[in-house]
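Q: Got a structure here, written out as C-alpha cells. Questions coming.
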Amino acid sequence: MIPVPLLVCVMGVWCAVYLADTLLRSSVTHRISYESWLASRGLMLSPFHLRWQTTMFNRLFAYCARINPRAQYLWFNSGLVFGVVAMVGSVVLLTQTLQQTLAQMTTDNPRMGSQQALQVVVPGVNLPTSQLAYFFIALLLSGVIHELGHAVAALREQVRVNGFGIFVFVVYPGAFVDLFTTHLNIISPTQQLRIFCAGVWHNFVLCVAALAFLFLLPLFLFPMYSTGGGALVTEVVQGSAADGPRGLSVGDIVTGLEDCPVRGVDDWSSCLSRISLTPQTGYCVPSTSLQPSWAHGRAFKRLDGTMDCCSNNSLTDLCFSYMKPQEKNSREYACMPVRKMVTGTRVCRTNGDCATHSHAASICVTPSLENQTRFIRVTHPPNTHMLFVGYPPHLQYAVSLTNFLPRFGFLHLDLPVFLETFCKYVVSLSGALAVVNSVPCFALDGQWMLNALLEATLVTVVTDRQKRELIGFFMLLAGSALLAANVALGLWMVTAR
C-alpha cells in the first residue's frame, strides 16, 4: 500500500501551490504582475505539473555541437544504430517483463519480482524514503543528459533549439528541449532519426560510464580508503539481532563468520548463504568442561523433532550435543555457558578434527538448534566475538556494510557508500530511461524514432505516405498497449500486494 502520510503530504503541497496560483490569477490587482513574473522566469504551472524553460544554455549546446565534427558524425551515427536496436530490444524486454508479472500474479512467488529487469518504482513503497535523494538526483541527471543529446544532435543537423527546461510531474523530475518544428520537418528522415535516437544513446553511455566508475571506485579511492581487509559496519538496525552491548557497532570491521573469512561485503553475503545451507559447525572443547554440573535439566524433544536441554530459557546458556569417543553411537546433551565454551575454540565436524589440532583431550560439541536456526560467531577484532543464534538472513538485514576502510580517522565512513549508491541509481534509472524511451509508444521518443525509421526505409516499398502512417499508427498502438500493461500491472503488484 502507498504510505498515507506521504500521499497526504504530496497532495497537500500541490493543492496549496495550485490554490495560490488560482488566487493570484483571479486577483484584479496581482494578476498582470504575477503572469509577467512567471513569463519572465520561464515558469508554467498546471495541476501536478511545474515547468521551467530557459535559453541560457543555448550557447553551450552550440559550442558542444561544433567540437570535432567528424567525431560527432560517427558518434551520432552510432547512436542511430543503437536507437534502432534498442527499439526492438525494448519491445522484447517489455514482453518478457509482462510475462513474468503475469506468472508472478498466478503463482504468488515473491522471488520472481526481484528477478524482473524492469519494475515500477513508487517512493515510499518499494523505494526507501531514506534513498529518495539518490533517486531524484539520479533521475534528473539522466533526464538532463538525455536532453543534452537531443539538443547537440539537433544543432548538428541545423535544427534550432528554442530552449531547455526542467519539470516536476507530481514528484518525478525531468528535463526537455524545445526544438524548432519547422526546421525539424524539412530535414531528411535519417537526420531526424539521429536527433531522436540521441537521447536514448546518451542514456546508454551514461549507464556504461556509471558502471565503469562503480567498477573502478576502489582504484579512485585507494589513497583514502583500502579494500580487502574486511567489511566495515556503517549502520546497525536498532533492536535487531546485531544490536546491543555485545553486538556490532558502527565502525566495526567484520573479518569472519565462523570459519569463513570475510574480506568484503560479497564475502559476508556468501558466508551467510553457505552457513544457511550447510549443517551447523561444532567446536572443540576440553573433555573436562563436559561435567554433569553444567546440566540444567534432561534433554527433551522440540516440536520439530530436534533436542533441547536448557529448560530455564537462559540468555547465556545453550544446549550442545556431542558423541563420546568410546560410545560412537550414543549422543549426549549438555547445557553450557555458550560464550565461555566457544570463545577462542576451533571449529570441527567430528571428534577427529579436535584430536588433530589439540594435544589435550577435546570433544567436538555442536549447538542443538532448530532446523533453520544457526549459531554464528561473528569476528570483529579487537572486540570479542558477537554470538548470534537465529535465522542467518536476519543477521544480513540487521547491518549495512561497505568494502571501503578509511585510512585516516577524519574520513567519513559514508562517502564510499554515497558514491556506490548514487552510481547504482544512475545505472538503473539511466538504463530504464533508455529502454522506456525506445519503446514505439505515443508521446515518447520511440514514436518519432519509429516514424523517421519508417520514412527512411519504407519509401520505396510503400509509396503511399498515408499507408506508411497507418502502419506506424498500429505499431505505435501496440507498443503503447504493451507499455501501459506493464505499468498498470507493475503498479498494481507494487501497491496492492
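Backbone N, Cα and C atoms are what each Cβ position is placed from, and that goes for glycine too.
TrEMBL labels come from automatic prediction, so no person has curated them.
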Q: Which residue range, 1-20, 161-180, is the one TrEMBL calls transmembrane segment?
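A: Spelled out, TrEMBL records transmembrane segment over residues 161-180, not the other listed ranges.
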Q: So what's the mean pLDDT when you look at the domain 'Peptidase M50' (134-477)?
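A: Per the prediction, mean pLDDT sits at 90 for the domain 'Peptidase M50' (134-477).
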Q: Go through 73-95, 132-149, 470-494 and flag the stretch with the largest number of C-beta pairs under 8 Å relative to the transmembrane segment (161-180).
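A: Result: 132-149.
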Q: Should anything in the same chain at least six residues away from the transmembrane segment (470-494) have a Cβ under 8 Å from its Cβ atoms, list it; otherwise answer none.
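A: Answer is 91, 94-95, 97-98, 101-102, 104-105, 113, 118-120, 122, 125-126, 436, 439-442, 446-447, 450-451, 454, 458, 462.
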